[in-house]
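The block underneath contains the structure these notes are about, expressed in structure tokens.
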Amino acid sequence: MTIKSVTFDDEAMYWCEIYTRSPFQNHIATKDMRVRGPPATPVIIGGAAMIEDAPTILTCTADMGYPDDWTLVWSNGGSPITGTNTSSSAAGSRFNFTSILNLTPRKEDSGNNITCAAQRASWTVSPQGTLGPIDVRYVPVFLAVSSPANPVFEGRYVSMSCLVDANPRPDDIIWEKQGPGIAPSYDMSVYNDISMASVLTLGRITREQSGYYSCRTNNGVPTDDPSSDVVSTKVPVIVQYEVNITNKAMIEVGVNDGDDAVLTCVAVGNPRPVMEWYGLNNTDITTDSQDGKFLVTNEISGGDGMFALEVTSTLTINAVDSGVDYGVYTCNSSNGIGRINSLTITLTGIKRPDKPTSVEITERTAEFLTVTWTAGYDGGETPSFRVSCIKTSDSTEVFTEETGGKTTSTATGLDDYTEYEIRVYAKNSIGESIGYGNTMGYTLPSPPSPETGIVIEFNTDSGSMKVEWLKEENGCIQLEVQYQGNDTWQECGDCIESDQTVTLSEWCASSQRRRRRAVGDIEAVRARLCIGGLCSQPTDVRKVKDPPAPDMPGDNPGISVGVIVGVIIGLFVLIAIVVLGVFAKRNFGNHGKEDRETVDLSMTDVQRHSTIPQSDAQSPYQEITELAIISRPTNQEPERVDYANVPTAHKSVPRDQLKIIKELGHGNFGLVLLAEASGMTLGSKVTLVAVKTLKEGAGQSDKADMMRELDLMKKLPDHCNVVRLLGFCVEEDPPYIIVEYLSRGNLKDLLKDSRSKGGRVYGNLHGISKSLTSKDLMKFAKDVADGMAFISSQQCIHRDLAARNVLVAEDMTCKVSDFGLARDVMNIRVYERRSEGPLPMRWMALESILDDVYTAESDVWSYGVLLWEIVTLGARPYPAMTANVMIGKLQSGYRMPKPQHCQQELYAMMLRCWDDDPDNRPTFTMISAELEKYINKGKEFISIKDFQRTVYEVVLEQGAGEKV
């Protein structure tokens, strides 16, 4: 029997049987045939995308070979790879083979195929498995950075280029300049992502653009420092320009007969200025002129060939002879570029000095003012000064002093908080200056005391501070405290503007990343009286104690016992009522919106003590601000609302001028209504407005919160990116806050509605005729930054900045709204929350979560989260984490990763907003300016077509202790 083209399937035991007829016999012969052969086509396990110099493990497997001495051999781009081993394992009558390759890819390997084949002895039978072409990714390497080989003249055009080699290609190359002067802006450079080259053009270059330039870029491949870009070497750009004499105010020098005269000429330029002096009749002056009559010295300062060089040239004329030396002297300066610059100085006899300049108040109290000034031209002789202090209310001179040559004086014996004018005259032997230098200012108020009619007492038992007899014209009282173990004084709370008693532990907010202080921590208290922005010197306040409790009457113990029993029963009833109320409120509050969360901030979860007292279980801030949009304007509703004719002064509006149309939104205790307002504009036009009010059954604390919100909004001037207050009705319940109506609802809903099921953005967005673009989203971000920059400039913190609290107008302008949690911090930089309640945990800064303090910098953190919301079209932050997990991750340095469709520059802005150190975060003004540059650049910073909706779906169920 012959078997042709043997395969593994032919492997078996074969037998041959022979039969004989007489006598009947059969004979059987068997043969076991084993088929030798290579295994099946090898398979390489591993990814084709690799990172240069990053160890990469590839596994090659080949099954069903025989015998077990087959070897798997590797190659890279056709070149054999040595040093690998092959292991085998039995699989029935055959063997499976495995080989592991530890590959350290080089960028030169990119495009190669990695192959694996089975080999036995010197002949190879099996086909080879292939992985590739492989894609070796590597950090950018700058191949060339070019700049002008020689210095350039000011006003010329300069072109520089950066060429980079990288895989993948960087999105951009950024130019930077070290040192002083003007840095390059984004619109000065053009990047070609095909050639990976960037060209920087400096049109009509100026001297301020001299310096060392470099390029930086990033393509996402990790570097030694993952947070850093790759930076090129520095190349110089030297700008040369003509000289400029900078002391041209020196036009006259006075000197007595026989004295020495000193004339000075200061010039700046690049290259170094050359100085020349000419005397009377235009004669050349050098040190050798007239046997030592003249001395010329030149002192060079500043510059290193790169920046400006300054030369100070001094001409000294020894033993001036008025009959020969008086006259005009000229200093010429040049450096071979442009025209010669000249200074003429007239040498004369002694004259009256010029009046002093730059008179400033440097120190003040309730009794004195200290001033300093700068002497003018001395007329050729050292001047002395006379100071006069005049009370502006009646123009009487109350102080005068001769200071000699000193340029400072203290006017004493003044009245407190009174305006004075201080005049300074200069004089020499010729006479007093014509005119005087002057300044005006107030003395400080006198410190608060019973003598000034103000009583301030600190009760050391209760930790309370009482202020009495403080009239409106008296200003306000600013408290300062000193804590045990700390010698420094810290400002405590807001400036107290009316008679009241405050508890220091509630009133004070310390000035660092802190916890709430206990009363016992305070060692001393002092106070200042502040009027018109000026505060008095501090004075210690009087300490008092609670009066001793009166003795209980001893002749009627029955009454005492009855009173005690009654009090105890009353307390039990009160506690029961409070517990039932809190339970009911919390159950009702479970239906709040998804983005408000409360989290158990225990030591286990946060690794720190919570600073929120458990007794403050009900928030006086929250319910009125928890609004869920339940009705959106339709196409049949009135068109765009125009508020141009609405007066800017906030006013009380009669209720009969409001016609309620429908409800727009609601919270636990608040409502937002759509209404028509008549008489709101300067004409008779009916105006659509939004009315914020309280639900029936809201408590006094809710009303107090609403009034606090109204008070804050009344203090804010109008701004195009902040929801505008139009009026209010507070003369009876329920109170109304009337604001402009923004027809497109809140930004979060607008972003979420812009998604289609396929994850792309479509065009039918509540009447929008086009799809949202990257530029639209960037404008949303800038609008919010502008609004928050304005709010911050008004010394307010928002505390609840999120996309849900940004409203969108008909023209797609975004406006910051919802000031239910906002606070006026005019007199303190830090606000410390004083009650418990649901918190927007996913938007809060780390120091706000851990230390319960809020600043403008914590608002910037929240803005970074809002920016992430805009980029992800309204996704919930930290979508795959519970709030407790989120807090722990943030403490360990975690930050939300860059969305795939977001450019690195925009993500870098988010990371700066989320910096651990609040001082390192950008201001809203800085954010707005940077976004303006991005928008003007025209680049697509958010690639909406690449948005992946499923990445940001919330799939976690509600966790214990978390409200979502």
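Note: Cβ is positioned from N, Cα and C throughout, glycine not excepted.
What TrEMBL records for this protein:
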type: DOMAIN; residues: 38-126; note: domain 'Ig-like'
type: DOMAIN; residues: 140-232; note: domain 'Ig-like'
type: DOMAIN; residues: 236-346; note: domain 'Ig-like'
type: TRANSMEM; residues: 559-583; note: transmembrane segment
type: DOMAIN; residues: 658-935; note: domain 'Protein kinase'
type: BINDING; residues: G665, H666, G667, N668, F669, G670, L671, V672, K692, R804; note: ATP binding site
type: ACT_SITE; residues: D800; note: active site, proton acceptor
type: BINDING; residues: N805, D818; note: Mg(2+) binding site
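Structural mapping of features recorded in TrEMBL.
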residue	record	Cβ neighbours (10 Å)
G665	ATP binding site	20
F669	ATP binding site	24
L671	ATP binding site	20
K692	ATP binding site	26
D800	active site, proton acceptor	25
N805	Mg(2+) binding site	27
D818	Mg(2+) binding site	23
(request) Select the closest residue to F669 (ATP binding site) from the following recorded positions, measuring between CA atoms: D800, N805, D818. (result) D818
(message) Quick check on the domain 'Ig-like' (236-346): DSSP residue counts for helix, strand, coil, in that order please.
(response) 3 helix, 60 strand, 48 coil
(message) When you rank G665, L671, K692 by Cα distance to D818 (Mg(2+) binding site), which of the binding-site residues ends up on top as the closest?
(response) K692
(request) Report the mean pLDDT of the predicted model across the domain 'Ig-like' (140-232), rounded to a whole number. (result) 89
(message) Under DSSP, is N805 (Mg(2+) binding site) part of a helix or a strand, or is it coil?
(response) helix
(message) Please report the distance from the Cα of D800 (active site, proton acceptor) to the Cα of L671 (ATP binding site), rounded to the nearest angstrom.
(response) 18
(message) Cα-Cα, whole number of Å: K692 (ATP binding site) versus N805 (Mg(2+) binding site)?
(response) 14
(request) Whole-number Å only: compute the distance from the Cα of N805 (Mg(2+) binding site) to the Cα of G665 (ATP binding site). (result) 13
(request) Sort F669 (ATP binding site) into helix, strand or coil using the DSSP assignment. (result) coil
(request) Please report the DSSP secondary structure of D800 (active site, proton acceptor), reduced to three states. (result) coil
